[in-house]
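Since the structure comes first, as structure tokens, the remarks are kept for the end.
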């Protein structure tokens with residue numbers, strides 16, 4: 001059976017699809033899954049915290065103290081993710097993309113073990129440490145997986161393959177919501193198993209991912225192993241390597257020859273990547289500051305206002321995750337047709353529109369009987385809009401607009417901002433909710449400004465080689481051009497395109 005599997009994966013067009021599935025199951029799926037599974041056991045873990053304090057120190061905690069500890073347990077996941085994003089870059093440089101994802105499971109398995117034994121040990125501190133480790137795992141995978149996919153996919157499928165990271169994130173949310181049902185693992189007797197269940201997809205990745213090749217670009221550009229790169233391309237494409245694709249990678253290798261991998265702080269002083277850096281800073285921050293995760297938090301309140309009983313809210317909430325999952329699949333199918341800019345702009349503008357409608361609906365919910373149902377509809381359409389654009393395209397951009405030497409550092413910056421802003425939104429939203437019907441006004445502003453930036457400054461990258469994308473950003477980064485330099489640069493890109501065309 002093993003030799004047959006090896007032969008099947010040796011040279012098959014299915015290899016790329018199977019590699020994507022293997023990497024994502026233990027990768028970005030974990031981010032969505034570990035966000036979703038914390039909803040069901042809230043009351044049970046709070047009771048566990050109180051009982052632990054009472055048994056240890058014969059002291060009953062006040063309600064606000066229990067809430068504070070629970071907030072720490074939930075929010076510490078974001079800080080773990082921030083730490084993971086910071087170490088992801090050096091890990092990918094030292095170990096490669098695939099091996100980094102495999103080593104990342106050390107954090108996951110350690111966290112799962114702590115969560116599983118926390119109840120027996122009567123230690124809520126173990127739950128906190130578990131969430132830190134699981135957050136580190138998610139932070140690394142959210143950076144490394146899109147990089148791995150973007151470097152392994154052919155140019156015409158680069159967007160769709162990279163966007164699968166968002167599809168699996170949304171699938172993780174749905175899976176976490178389903179597993180967290182009271183009938184499965186969301187009961188009082190099973191919450192420790194629920195928190196440790198993230199080890200299952202991690203184990204699947206450990207068993208399957210070693211069968212697949214490393215990123216071809218990493219093998220050639222970082223390791224200088226042309227033969228390994230060609231073998232990886234042959235396996236991932238299921239056919240002989242096209243000269244045009246190999247020429248493009250060789251061109252990028254020549255452009256970065258002698259360059260060491262850049263550190264994040266070096267990008268801030270490098271004028272040649274100024275607008276690339278501004279783009280990922282704005283769009284990565286907007287991904288969290290747009291309020292999508294906050295609307296997940298607000299969903300329960302709106303469902304209650306709509307007259308849905310507390311017992312059935314857990315089932316209705318699954319619809320929110322299903323919406324994002326469906327939207328990410330639709331975006332995956334459309335991105336190579338409509339392009340990155342249109343999907344991003346459309347997503348942000350649509351979110352702003354539905355946030356305004358949501359504000360109006362909340363303002364009138366006590367005056368018009370059916371307004372709470374409009375609020376529910378706004379929740380679903382807001383999440384659909386997020387999934388159709390920002391959820392997927394954001395993770396793809398650093399792969400397409402940075403070269404091999406700067407890409408790990410760019411992902412470190414983008415990932416750090418994503419996790420930091422997730423933490424900020426999570427901490428500030430309880431205060432924003434005090435604004436009642438106006439709590440989503442700040443998110444409207446973020447969405448509109450983000451759409452405006454994308455429309456004015458972000459070049460389209462669909463179907464373009466890295467050299468052409470670099471050329472477009474060169475026009476933004478250097479307002480005043482030297483004619484000789486421009487002619488030389490133009491000739492270089494033209495040469496690459498002629499080689500590409502001839503190969504075809």
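For all residues, glycine too, the Cβ spot is worked out from N, Cα and C.
Because TrEMBL annotations are produced automatically, they should be read as predictions rather than curated entries.
The structure displayed is predicted, hence computed values, not measured ones.
Among the features that TrEMBL reports, domain 'Major facilitator superfamily (MFS) profile' is placed at 20-462.
As annotated by TrEMBL, transmembrane segment applies to 12-33 (among others).
The feature transmembrane segment is assigned by TrEMBL to 68-89 (among others).
Residues annotated as transmembrane segment in TrEMBL: 101-121 (among others). Same-chain residues lying 6 or more positions outside the transmembrane segment (101-121) and placing a CB less than 8 Å from one of its CB atoms are 23, 26-27, 30, 48, 84, 91, 95, 127, 129-134, 136-137, 140-141, 144-145, 148, 191-193, 195-199, 202, 205-206, 209-210.
Marked as transmembrane segment by TrEMBL: 127-148 (among others). For the transmembrane segment (127-148), the list of distant contacts is 23-24, 26-28, 30-31, 34, 45, 72-74, 76-89, 91-92, 97-98, 100-101, 104-105, 107-108, 110-112, 114-115, 118, 162, 165, 195, 198, 202, 215, 395-396, 398-399, 407-408, 411-412, 414-415, 418-419: same-chain residues at least six beyond its ends, Cβ to Cβ under 8 Å.
Under the heading transmembrane segment, TrEMBL lists 160-179 (among others). Residues 16, 20, 24-25, 27-37, 39, 142, 145-146, 149-150, 152-153, 185-186, 194, 197, 314, 317-318, 321-322, 324-325, 327-329, 331-333, 335-336, 387, 391-393, 395-396, 399 of the same chain, all 6+ positions outside the transmembrane segment (160-179), place their C-beta atoms under 8 angstroms from a C-beta of that stretch.
Taken from TrEMBL, the feature transmembrane segment applies to 277-301 (among others).
TrEMBL lists 313-335 (among others) with the feature transmembrane segment.
The feature transmembrane segment is assigned by TrEMBL to 342-364 (among others). Note on the transmembrane segment (342-364): residues 283, 286, 290-292, 331, 334-335, 371-372, 374-375, 378-379, 381-382, 385-394, 436-438, 440-441, 443-444, 447-448, 450-451, 454-455, 458 of its chain, located 6 or more positions outside it, place their CB under 8 angstroms from a CB of the stretch.
Here TrEMBL flags 370-397 (among others) as transmembrane segment. Panel annotation: around the transmembrane segment (370-397), residues 142, 146, 150, 158-159, 162-163, 165-167, 169-170, 279-280, 283-284, 286-287, 290, 292, 295-296, 298-299, 302-303, 305-307, 319-320, 323-328, 330-332, 334-335, 340, 343-348, 350-351, 354-355, 357-358, 361-362, 364, 414, 418, 450, 461 of the same chain, lying at least six beyond its termini, place a Cβ under 8 Å from a Cβ of the stretch.
TrEMBL lists 409-429 (among others) with the feature transmembrane segment.
Here TrEMBL flags 435-458 (among others) as transmembrane segment. If you look at the transmembrane segment (435-458), the same-chain residues 6 or more away from its ends with a CB under 8 A from one of its CBs are 275, 278-279, 282-283, 286, 289-291, 294-295, 298, 340-341, 344-345, 348-349, 351-352, 355-356, 358-359, 362-363, 390, 429, 476.
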Close approaches to the transmembrane segment (12-33) from elsewhere in its chain (Cβ under 8 angstroms; 6 or more beyond its ends): 81, 98, 101, 104-105, 108, 134, 137-138, 141-142, 144-146, 148-149, 152-153, 161, 164-176, 198, 201-202, 204-206, 208-209, 211-213, 235-239, 321
Long-range neighbours of the transmembrane segment (68-89), counting only residues six or more past its ends (CB under 8 A): 31, 34-35, 38, 42, 45-46, 49, 61, 100, 107, 124, 127-128, 131-144, 261, 264, 408-409, 411-412, 414-416, 418-420, 422-423, 426-427
Mean of pLDDT values spanning the domain 'Major facilitator superfamily (MFS) profile' (20-462): 87
